[in-house]
Amino acid sequence: MSTPENTDDREQPKSKKPADTAFKQQRLPAWQPILTANTALPVFLIIGLTFIPIGIVLVVTSNRVLEYDIDYTDTKCININNNNNQTCADYLKDNPVPTTPCTCKINFTLTSDFDGDVYFYYGLINYYQNHRRYVKSRDDNQLLGKSGSAATDCEPFQKINGTDIAPCGAIANSLFNDTLTLVYSGQTVPLQNTSIAWSTDKNVKFQNPSDPDPYFRNHAKPPNWNKTAWQLDPTHEDNNGFENEDFIVWMRTAAMPTFRKLYRKLLTTSEPFTKGLPSGTYELTIVYQYPVINFAGRKQFIISTTSWMGGKNPFLGWAYIVVGIVCVIVFAVFFILHRFWKMYVLAY
Amino acid sequence: MGQTNSMTNFSRRIALYTDRNKRSNENILGFGDGNDLKRVITVNAPQQVKYISNRISTSKYSFLTFLPKFLFEQFRKYSNIFFLCIAILQQIPGVSPTGRYTTAVPLLMILCCAAIKEIIEDFKRHIQDGAVNNRRVLIYRYGNWLYSKWMNVRVGDIIKVADKEFFPADLIVLSSSEPHSICYIHTSNLDGETNLKVRQGLPQTSHIISSLQLKALQGTIECELPNRHLYDFAGTLKLANVAHPIPLGSDQILLRGSQLKNTGWVYGLVIYTGKETKLMMNSSSVPFKRTNVEQIANNQILLLLFLLLILCLFSTIAGEIWNYKNRVAHWYLGLTRMPDSSSAAVPNHVGYTFLTFFILFNNLIPISLQITVDLVKFIQAYFINWDKDMYDEESDIPANARTSNLNEELGQVKYIFSDKTGTLTKNVMVFKQCSIAGIMYGSGNIEKFNHFQLMQNLTNHESGGEIREFLTLLATCHTVVPEKKTDLLVDVTYQASSPDESALVAALKEMNVIFFRRTPDNVAISFMGEEEIYEILNVLEFSSDRKRMSVVVRCPDGQIKLFCKGADSVILQLLSSDDPNSGITSQHLESFAKDGLRTLCVASRVILSDEYNSWIEIYRQAATAINNRAELVAEAAEKIEKNLHLLGATGIEDKLQDQVPESISMLHKAGIKIWVLTGDKKETAVNIGYSCKLLSDQLLNLTLDEDSLEDTRRQLQDHCSSFGESLRKDNLASLVIEGKTLKFALAPPCRQDFLDLAISCKSVICCRVSPKQKAEVVELVKRSTDAITLAIGDGANDVGMIQTAHVGVGIMGREGVQAACASDYSIGQFRFLTKLLFVHGVWSYRRLCKVLLYSFYKNICLYVMELWFAVHNGFSGQILFERWTIATYNVLFTAAPPMALGLLDRCCSAETMMRFPALYKMSQNKSDFNIKIFWTWCLNAVYHSIILYFMSYAMLRHGNMAYTAGLESDAWTLLTHISIWGSIASWFLFLIIYSNFWPTIPLAPEMRGMAKYVFSSMYFWFGLILIPFTALMADVIYNCLQRTLYKTLMQEVQEKELANQDPYDLVMARQTSTVSRVAERLALLKSVFVRTRTPKMSGIVAGPYHGFAFSQEEDGVVPQNQLIRNYDTNIVKPPGL
């Protein structure tokens, strides 16, 4: 060959041999769980045997939690202001905007002491706080105390005659406004209406505007309200406006049409409530203002103690027990199957 | 060679191609020649017209075109359009339940990922193009030699190409280092033919052997416009000093893609460059290949879309009914209240409700599916590239996945179409064995021929004389030309158009029988150091019909002898009736053939001078006859080629690539049918068939060898009916079909029968197949069966079939990169195909199926829960989960598990997969992904969603958890992997971070403080353990049952592997039943075939196979006779500078 070799300036290229690493050669160690009757049998047994005790513990814990609830939607709540034995529900139906609110008293008896922290809830049934239009109808920026007009999301509760509503939106407009008070042998049960909301909500999410009093006077109140936001809690100056805890609790919408919301906590500073609610007869006074009858809703008043798990929840415990039992049954079936199948196969 | 197209067709074809070349036409019109069908090139002067450069580009994008092209590509995918629509719909105020940007942002993220992937892939292509464009070549320009890059080669340049170099463009030969401007080229890259071809420069230019003479060359070349016909060329050369234009034909043309062989150098004039070369005109752009799995997935997406619409419609109607019934009663919702200002009308139209649900449920179709699958495949492709078992040490070539979207097809291949030369064979011939006077020398097992015994017998044995004659014959009866570099005999090298002869002469040299000089009349050999000169009196050429070549020589002692070598079938007929060696030699031939050797019989005869003198008259007359010359010459030859004495036979090995027979038997075991499509002759092909165990005597060997459509059809029908019930099933049968018969078989009337017959056979060998036929055959099988086809080849002639098949694999060999460039995967050796299929293919397939199923599963599971929730919120379209949480669900929380599945999951170790090819059948039968499995998973997802939702719901009824976001934590664990734990952890992390956004970042007000409350609730934690377990329990139980009661082979092997046991027995036990069944069928078949056999129409290879094969260029530019006469190796060759 007569090609001038000296002009060939190509270098010996680097070898293209792939690197020999476990990852590149796909030799990473791997755990291959193979589910056969053999390997799965012990697993089922172990799970069954752990789940059943857990379930029992959970059920017991849940049963220790005392709960008492009263449905005061209609029959139990008779208007005490007039004497025609009318239920508050009917009264409210007849007078959608009553001059004097309907009040009723219900007596009930707690058969055992409610020890420890006692929580008071109001519960609503068939109430769609999770409706998309409803959930959307709020303005979180307004609730942060920021100036500026209410968001269009609040529609149809954005403005009244051109004035912004504060707080705007359907959620705020429909704030639960029954008043529930409890009397025990002539003594009003001391209830705490603060620190019932999430601390983050109270401290971060809900902020009053810098100059609250004129702010709320200059804005329209929601059409359903009979007072402005600044008048929600006359007893505590700083529990008003957007920072009112009842309001904050209401604003955290429930996921299901059946829900309960924390209403009050028992104040354990004075006798005889230092240890909790003593057993005995109580008188519940309800200022009945919240209409639910039209949509077949129900209202409840709930008293509950708490455990390390939280509130009463028998379902979880029973679910554990059921799943545990199923595991054990599966174990048994597999065990038998495994034995007999092998015999069958061998015989065959 | 065989593909001579008559020139009459030529002008018609030109006309066809004119619009294709409109641009060049205009150029030429501008030149003012008036003839728009010509290209005019001036020699040694600047061109009047600017031609395209020799740079080639296979890349998809350039810097500027990237964005528009990329977006176009992306939005051609249905899913991307779908999500773009969703993103746009979300911009309508008040309609979207999930805010405005919750689809746009993930979509953007996904497009970014895709863009990065595309950029990386295209970058690789740019580099590869660069490598080709930057190859070096010597160019003669402006009186100087420049060493320049290929891409700088221009039309009109004169370049010098040295031995073994590739031609950078299409050239016209001006002259070469050989006499009469002869040069040899290797065109297997273009047409797959193994033998070298001869090209010859014009006599008018052959004197040019130095740069001075080059400089003096003046004139123009007129030639046809660039076209794709490899075998046609027409042009004229007008030289300044020659009065008449000289015609140029295809004998003067050197095409890009072919290689100069056995020739010192050539001077060539560039006529076509870059995309206009015949090679590039033949390579169509890579077609978009879509995989089977993708196809099914796409169809299911459409079904899901349909389902989605139904779901939306149902929800809308339910929502409207709920609204109608409840909007007044549920006063707090404010549904009947008119907004204060009419400007901000709340949309309350049914259509809007529908859209709301459409957006709500849109993620039933997983947004991240496309990109997850793309990424998984992309990285899978890297695993292929990284596999050191598929790295070819010798040529420094690792496997290379050029497209990543076909990985899973590799796991389902049912048919392999393979090229022969360069793919199965190395294209190296080696003399391996011989039989002389009934004694066998050499062994099939030893790499090189051991001539010790032969040498001993030469001197001591009684057959010594015959051995001597045998060796002398081989040294003289051929068309090889020796080349002496030095005076030493050891340094002689040979050039030949026949690789067989080359192998023989080279082997003789080892035995110290050296052929060292050829002059027009003589051949000089050195027999054990003694110089002997044989006068070549006549050469009786080789042709496929004659199957033999003879020379008549005058020996040094004055005796006239006829030396003949050729096919056993012919030579054995020509022997004198009482030849003692023929019986034993036949046996030896049989044994050679069994080893796959190419055999030649060798015979000689002493001719008395009287006989010679009378014969030479006849021969001369025949040789100068005007009509029927070839026939007359053959007749004349027959007159003297008779009463031969059989000396023996030779066995030449056509070297196979490493481990080809082993690989083929593995592929067979995996249930893959192998078709060899070769441009070579039937003999060569059958030979290779035997040596790589495609054919064997245990198989029913069928042959199709008919000359007319009618006969072909009849024979096909006969065969088909003989197969009877087992037609289209697995049979231990093989089929060999000739090129001309294939042409008829592919014609519509025969096509179906041919297909039926061919797919009933384990191996099929098609001979003398043109590149176009290769593609046709693949297309036929691809169309008519729903099986996955794979084509593997190494030359440009395989490009068609590589692009047609579902998967194209290119062998990245020494023979250029055309096939590799057109392929989807390129590997260095045929044997790597097994790992590519059995390990990477199966793994990729199973992984991808799981990724697809899992992706659908997770989204269906999540979004069907929305449906259950809709029951509880009055079908208002409220979302169960917080909007950004679901927006990122696909791209963040659940991105890792499918990726991990797609990359790390494996069913069996690579070693097991390789040891038991039978495992391949599982994925071949599409057992991991079909419509049934898909919908099973979907139903399972619905079931899981029910458990997840209603258990959480039951829990919430009693508890007082504030918001259901906690539900989401059930991170749909199905297969336990670190990434899954990671994805659960990521949810926790996300919740912690996310729930602290508001109001610092204006997102997710309702999530503020969520983490603290969720995590402090014990119910959450207990629920977290219980709910997923319950959901999965059914799956676990099902798996257990299935494993216990009915194991698949794969699962059994898995278990054995885990238990460190050898799964060998298992696989064997499962196989025996099928094997015996097939064997039974074979026995039955053979009996059927034997019974129906008629002497003429049989088509079954009758009698033992003797393995004759010989390649030689026939009907070439220069006849063999002349070729021999042209050379005088006493004359020193010019250096060409």
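Note: Cβ is positioned from N, Cα and C throughout, glycine not excepted.
According to TrEMBL, the domain 'P-type ATPase N-terminal' annotation covers B:47-103. The transmembrane segment feature in TrEMBL is assigned to B:301-324, B:345-365, B:933-951, B:972-998, B:1018-1041. The feature active site, 4-aspartylphosphate intermediate is assigned by TrEMBL to B:Asp419. What TrEMBL lists as ATP binding site is B:Asp419, B:Lys420, B:Thr421, B:Glu501, B:Phe542, B:Lys565, B:Arg598, B:Thr678, B:Gly679, B:Asp680, B:Arg768, B:Lys774, B:Asn797, B:Asp798.
If you measure from the Cα atom of B:Arg598 (ATP binding site) to that of B:Asp419 (active site, 4-aspartylphosphate intermediate), you get 19 Å. A simple way to gauge crowding: the CB of B:Asn797 (ATP binding site) has 30 other CB atoms within 10 angstroms, across all the protein chains here. Summarising the ATP site geometry, the residues cited as binding it (B:Asp419, B:Lys420, B:Thr421, B:Glu501, B:Phe542, B:Lys565, B:Arg598, B:Thr678, B:Gly679, B:Asp680, B:Arg768, B:Lys774, B:Asn797, B:Asp798) extend over a maximum Cα to Cα distance of 33 Å.
According to DSSP, B:Thr421 (ATP binding site) is assigned to a strand segment. Between B:Gly679 (ATP binding site) and the residue listed as 'active site, 4-aspartylphosphate intermediate', the C-alpha separation comes to 8 Å. Neighbour density for B:Arg598 (ATP binding site): within 10 A of its CB lie 26 other CB atoms from the protein chains shown. Counting Cβ atoms from all protein chains shown, B:Arg768 (ATP binding site) has 25 others lying within 10 Å of its own Cβ. Within 10 Å of the C-beta of B:Phe542 (ATP binding site) there are 23 other C-beta atoms, taking all protein chains into account.
Mean pLDDT across the domain 'P-type ATPase N-terminal' (B:47-103) comes to 83 in this model. Residue pair B:Arg768 (ATP binding site) / B:Asp419 (active site, 4-aspartylphosphate intermediate) shows a Cα separation of 11 Å. According to DSSP, B:Asn797 (ATP binding site) is assigned to a helical segment. Under DSSP, B:Gly679 (ATP binding site) is assigned to coil, being neither helix nor strand in the three-state scheme. Distance noted between the C-alpha atoms of B:Asp419 (active site, 4-aspartylphosphate intermediate) and B:Asn797 (ATP binding site) is 9 Å.
Broken down by DSSP into helix, strand and coil, the domain 'P-type ATPase N-terminal' (B:47-103) contains 21 helix, 0 strand, 36 coil. According to DSSP, B:Arg598 (ATP binding site) sits within a strand segment. Around B:Asp419 (active site, 4-aspartylphosphate intermediate), taking its Cβ as the centre, 30 other Cβ atoms fall within 10 Å, counting all chains. In this view, B:Thr421 (ATP binding site) is surrounded by 26 other Cβ atoms within 10 Å of its Cβ, with every protein chain counted. Of all Cβ atoms in the shown protein chains, 31 besides its own fall within 10 Å of the Cβ of B:Gly679 (ATP binding site).
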